[in-house]
Amino acid sequence: MIDAISFKNGTFRYLDQRYLPLQELHVETRDHREAIEAIKTLAVRGAPLIGASAGYTVVLGVNSFKGSKEEFPAYFGQLIKDVEASRPTAVNLFFATKKMKAVYDANFEGDSLETLKTKMTDEAHKIYNDEVDNCDRIARHGVEQIKRDCADILKTRKLNVLTHCNTGTLACCGIGTALGVIRLAWQEGLIERVITAESRPLLQGLRLTAWELEHDGIPFISISDSSSAFLMQRGMIDFGVVGADRITANGDTANKIGTYAHAVSANHHGIPFYIAAPVSTIDITLKEGAQIPIEERNADELRTIFGTQVATPTTPVLNYAFDVTPGTLLRGIITEKKAVVGNYETGLREICS
Ligand SMILES: CSC[C@@H](O)[C@@H](O)C(=O)COP(=O)(O)O
């Protein structure tokens, strides 16, 4: 399996996803400011991977602290703020900083800074390893749900599945969330072909998901984002499964821009559309999707295509990185604890308690 990130001997190593699939560039750093920049620029990306990277970034920051114990609280507070300012939507980032803060709160008084550093490193590894395990469990629950929902089709043929953005190893540490479900479904002989939507403007579907599927030998075809409704009309998609950056208490889900349009189309055509995500992606403190902070990115991501200018530099651009799909459009939310189907208010609250 690809190592999207790793942390050894105080060094954070990441695969710079901006250059994939044309170049596999691994970068090593001991500087937390460089790690923050990697999150901001999407060199590392995908909600669970952002969370795990945030944990390691805090460790880098703590390791480079040179002051006295009295000076540490102010330094640590600023470090957490800087990490949290890197990307606003994926709640996994805040899940990770909350875990790191909890280690600080519980141990700062009693421990030396050296011991605190070790405990924080252990916590960051735990965040990473938990996400790896979560992916395996999500895949199992997802496959069971799909077998139930698509039982009639499966009597005569295999399934064609739509996915958006990248939710695989590159985004999650383990086998992936939505892509983990697809991987396991493929291994169990349920999948005919994966349809990967390109995911404009940064092309995570076309570049990254395609790269992972090719690597695994899973048949796939890439489409432009706007093609999915037409393929559904033609009977070329049997179900959709995507990841999430933040899920609110009522099941509304922020995910890569374009997801909502796929979900609306799937609903119109009576096609089941699922979210696959770890519990760390659920923000039970928010009632509904309108409360999710949606990242707006640099206009040049749209005006240029990988460095080539395609619109005038003055073209006004609105570049939302995510949209929100209402829970009512979802067939289910598949987590490592279970697949929540039906009443999200009750189901999500139960698995978050
Ligand atoms: C399992 S990753 C789920 C989401 O994080 C993914 O679908 C997505 O939207 C990623 O966005 P990105 O901007 O590439 O970080």
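Every residue number used here counts from 1 along the chain in the order it is shown.
Glycine is treated like the rest: Cβ placed from N, Cα and C.
Taken from TrEMBL, the feature substrate binding site covers ARG45, GLY46, ALA47, ARG87, GLN204, ASN255, LYS256. The feature site 'Transition state stabilizer' is assigned by TrEMBL to CYS165. Summarising the annotation, TrEMBL assigns active site, proton donor to ASP245.
Cα-Cα distances to the residue listed as 'active site, proton donor' place none of the recorded positions ARG87, CYS165, GLN204 within 10 Å. Between the farthest pair of Cα atoms in the substrate binding residues (ARG45, GLY46, ALA47, ARG87, GLN204, ASN255, LYS256), the distance is 17 Å. The Cβ centroid of ARG45, GLY46, ALA47, ARG87, GLN204, ASN255, LYS256 marks the substrate site; residues of that chain outside this set whose Cβ lies within 8 Å of it are ILE50, ALA90, CYS165, ASN166, ALA171, GLY243, ASP245, ALA321, PHE322, given in sequence order. Note: the Cα of GLN204 (substrate binding site) and the Cα of CYS165 (site 'Transition state stabilizer') are spaced 5 Å from each other. In the three-state DSSP assignment, the secondary structure recorded for CYS165 (site 'Transition state stabilizer') is coil.
For the pair ALA47 (substrate binding site) and CYS165 (site 'Transition state stabilizer'), the C-alpha distance works out to 12 angstrom.
Only ALA47, GLN204 of the binding-site residues listed as ALA47, ARG87, GLN204 bring a Cβ under 6 Å of any atom of ligand 1; the order follows the sequence. Recorded residues ASN255 (substrate binding site) and CYS165 (site 'Transition state stabilizer') have their alpha carbons 9 Å apart, per Cα-Cα distance.
Around GLN204 (substrate binding site), taking its Cβ as the centre, 27 other Cβ atoms fall within 10 Å, counting all chains.
The binding-site residues ARG45, ARG87, LYS256 differ in how many other CB atoms lie within 10 Å of their CB, and the one with the most is LYS256. Taking the Cα atom of each, ARG45 (substrate binding site) and CYS165 (site 'Transition state stabilizer') are about 11 angstrom apart. In sequence order, ALA171, ALA197, SER199, GLN204, GLY205, THR209, VAL242, GLY243, ASN255, LYS256, GLY258, THR259 are the residues of the chain that are 6 or more apart from CYS165 (site 'Transition state stabilizer') and have a CB within less than 8 Å of its CB. Taken residue by residue with DSSP, GLN204 (substrate binding site) is part of a helix.
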